[in-house]
Every structure is written in structure tokens, then in C-alpha cells.
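Here is the structure we will look at.
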Amino acid sequence: MTEISILNDVQKIIVLDYGSQYNQLIARRIREFGVFSELKSHKITAQELREINPIGIVLSGGPNSVYADNAFGIDPEIFELEIPILGICYGMQLITHKLGGKVVPAGQAGNREYGQSTLHLRETSKLFSGTPQEQLVLMSHGDAVTEIPEGFHLVGDSNDCPYAAIENTEKNLYGIQFHPEVRHSVYGNDILKNFAISICGARGDWSMDNFIDMEIAKIRETVGDRKVLLGLSGGVDSSVVGVLLQKAIGDQLTCIFVDHGLLRKDEGDQVMGMLGGKFGLNIIRVDASKRFLDLLADVEDPEKKRKIIGNEFVYVFDDEASKLKGVDFLAQGTLYTDIIESGTETAQTIKSHHNVGGLPEDMQFELIEPLNTLFKDEVRALGIALGMPEEIVWRQPFPGPGLAIRVMGAITEEKLETVRESDAILREEIAKAGLDRDVWQYFTVNTGVRSVGVMGDGRTYDYTIAIRAITSIDGMTADFAQLPWDVLKKISTRIVNEVDHVNRIVYDITSKPPATVEWE
């Protein structure tokens, strides 16, 4: 079966990207209902959408005003495709503006709303089926709709928003001023599910097995009989990519595992044992630790660290690939969240990701990124579907730059060792407490801060280690994990007693946002 025939057999809901940092959550929520969904540029044409043949279209939120000179628009023929359309926030305003309604600029009618608000449903609607007449939703808008287009009617309002939900059932056009994709909209999932299943008619039968078939077909079509080089980092993402690629192209895949001197304790041997031994991947192990650490000496800026590591990885691959024959592709474990955090055409860059930023312009390979439409929890599900053991699939997420971004300031062997040893203790105690599946991610950070302490009746002046532990569903938002005090106490006691050059432990209680998961 070709990639085209596989894709045509999969029902799809397309989300048009209008610039919200979290609009990809819309696609993620829809996938939870067993419906494939992905983001496309707002510049997509009606003809291009016809070729994709989606069963539904969502217009995402965004920071712009429909009146701005640089406002993101829409091909007007999209409204004539007879495909159900749901406009969210800016998307609703765009529908209104383009179809003859009225949108009032921010502040003119006291219409700004930020935070949770109560939605009052005034009429029944398939979109809100099974949800209460009054419900909490997350509003985040300045402009507001004050007159709706012909053929539309009011479904719901809020105290500060006269048109919080509208619809034209004859043309299957729906608009909501709030954000159902975020958890602060209590019945947001129900609303999106109603759109996908009841309005768009989705079967809800998309699964990771479908994804595997699609990606294998895509990889085989792209690669043909050529060869692929994969950089193994030791993390879940690159490991899953390796197994998927091997399933698709077999011995056309060569893996390079670069030991850059920034790995967790014993990680190099574990990677070789699991992937090289159990799964039979062809892995070349390269000890490039001195090469990386020399380049990183005295570098304090986190963006410079990422760029240096991203560049050097590719240069190492270049060196190794030159010893091989006919390698045309470089595979990476880039995820959806990596791309969004690195910025898109419509979204601001939060921080560059080592897989999508810092690559040199003269790179000799074409890129293959099989996971770049998946979120972290979906990658784990993919690993299980590929038959990978849980000890690999549930490995703690580990960034490509490794411990370089878990050491604040300049990197030294001494600092790296404090993080390796403290992180090993943290992971061991979390597992002993049976919390390793409940906590999304956990690791330690050398803060670069020294403080005075007393050990053995003597004065110390040593490093402060921070513990970071979070809970999350998809990695886009996160809360700090409320670890039991007795577990934290045991971890702290062990670290200060067993790890040299550490005399103080702190616990990071910051959510995302405003913080990111990693410190750098």
C-alpha cells in the first residue's frame, strides 16, 4: 500500500495555524478521540485542502487583530468547501470578519477577557451536547464580535462577551471565543469531541498502528534504496526513531551514538546493551567527549551551548559518515513540541531546540524526522506499538544537549559529576517510591551557586543542587510534582552525603508556564 492510499484512508481534521503558542494542543486533543489531526499554515489554499480531503477544519487562536495590517487571512473559498469549520478565538473573529459580521477592536467596548469566565448557553447546539448550560471556559482576547454574519445565530455569551459561541448549522460553521484546548475550559474536551465525532462524522478509529503504516510508507518512499544515518542520544525519542527506521528500511540504517561527555550515569553502556544487543541496531559508538567539552569550556550562555552542541553533533556525523558510503539522510527524534518551542512562521521562539536550531547551512544530509507530528506521550505509545520494552519506552526524557543544559554557567567535569551522581540518586529513589510513572519528568540541576555549609564540624563552600520534578499530559504545560516530603528528605539526605562538592538541595516549585521544563 502506498503512502497516498494509506493517507486517503485515514480521516483527518486539519488545524490552521494562526499563531497561538499552544494551538497544537487542539490537534493533540482531537487525536485523543482517535482522529488524526495536524497543523497546517493559514496560507493553505482551498485547492490544497481539497487534495488533503479533511473531514473537518479548525481555525486556531492567535495574537493578531483582524484589523491589523499584517493580519493572517484565509482563502475565502475554504468557506465553500462544505467541510465543517470551527473557529477558536481569533478563528471565530476571522469567520465573522470575512463573512460580513462586525469585530470591535480591543478596548472599544470594554470587551477584553483574560482568564476563566462563565459561559452561558442560550440555545442547544450539537457542539455543546452533554455539557451544562453554565460552564467555566478560558478566555484570552482583546477584540470581540459585536455583530454576527447573516445565517448565524447566538449559542452562548459571557458577562463581558456578547457573542462567546455562534453557529451557522446550514453551512456547518461554528465559532467560539474561548479556548477549549486548554484544561481551564472544563468541558473543552467534550466540545472538541462533539465537533470531531458528531459534527464532522469521525469514526474515531485512528491509532498508532495507522501512524506506523503511514510513516513506514513515507520513509520507504523518501529513502528508496539509499542509506540513513541516525544519531542516538540514549533518550526515548531517538530510540523509538531507531526501531521505527529499522522496521522500515532494515540494514539501510546506521546509527551513530555520540558520547559527548554529557550523558547520564552509565548511559552509554545501557544504550549499546539495549538497542545494539536486544534490537540488533547497527550502532557505531564514538567517544567525542573531549571534542565537545573543549568547545564548551567557559561557555555560559545556554543558547550558545545549544548551538555549539547542535553544530558539533552534525560535524561528528560528517566525520563518521565520510567513512561510510552513500549516506544521504540524517534522522532525528524531533517532536511536535520541539518545533513549536523553536518558533514557527506564526509563533514566537521560546528557545532554540537542538534538533531544529543550530544546524549548519552546509550540512551534507537531508533530514528525516518521523516523530515531528507527535507529542511525548504519543511517542511512548508508538514505542509500545513497535514492541519495545517498557524500560526503554519509559526512560526519563533527556535533551539532546545532555547535561550541558543542566549545569548552569560554565561546564566543568566537577559540575557534571555532581549532576550525574545526584540524578542517579533521584531516579533510584523515585522508582523505589513507586512514583516513576506518576511523575512526567524529574532530574537534577547544578545551579552554579555555591553556599556556605557545615559538614563534620568543618566549613564547606559547595554547590547547590536543584531538583526538578513535574507532572504533565503532553509536555506543553506542566505543574511541579508534589512529591511526598519523606521522599524528598531521603533524596536530599543521600545527595549531600554521597555526592562530593554538594552541601545544599532546593526543590523547584515552578509551573510551565512561566518556566520551561529545563532550566536552560
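The backbone N, Cα and C atoms fix where each Cβ goes, glycine too.
Swiss-Prot lists Cys89 with the feature active site, nucleophile. Around the Cβ of Cys89 (active site, nucleophile), the number of neighbouring Cβ atoms within 10 Å comes to 26.
Per Swiss-Prot, active site is recorded for His179 (among others). Around His179 (active site), the C-beta neighbours below 8 angstroms that are at least 6 residues distant in the chain are Ser20, Tyr22, Gly61, Ile88, Cys89, Val137, Leu138, Met139, Ser140, Ser185, Gly188.
Per Swiss-Prot, active site is recorded for Glu181 (among others). Within the same chain, residues at least six positions away from Glu181 (active site) with a Cβ under 8 Å of its Cβ are Tyr22, Asn23, Leu25, Ile26, Arg28, Arg29, Ile88, Gly188, Leu192. In the three-state DSSP assignment, the secondary structure recorded for Glu181 (active site) is coil.
In this structure, Ser233 (ATP binding site) belongs to neither helix nor strand by DSSP; it is coil. For Ser233 (ATP binding site), the number of other Cβ atoms no farther than 10 Å from its own Cβ, over all displayed protein chains, is 27. Residues annotated as ATP binding site in Swiss-Prot, with sequence analysis given as evidence: Ser233, Gly234, Gly235, Val236, Asp237, Ser238, Ser239.
According to Swiss-Prot, the domain 'Glutamine amidotransferase type-1' annotation covers 12-205.
Among the features that Swiss-Prot reports, domain 'GMPS ATP-PPase' is placed at 206-395, with the record citing sequence analysis.
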What residues, ordered by sequence, lie under 8 A Cβ-to-Cβ from Val236 (ATP binding site) and sit at least six positions away in the same chain? Lys376, Val379, Arg380, Gly383, Ile392, Val393, Trp394, Arg395, Pro397, Phe398
Take the Cβ of Ser238 (ATP binding site) and count every other Cβ within 10 Å, whichever protein chain it belongs to. 24
Non-local Cβ contacts of Gly235 (ATP binding site) (under 8 Å, 6 or more apart, same chain)? Gly333, Arg395, Pro397, Phe398, Pro399, Gly400
So how many other Cβ atoms are close to Gly234 (ATP binding site), meaning within 10 Å of its Cβ? 22
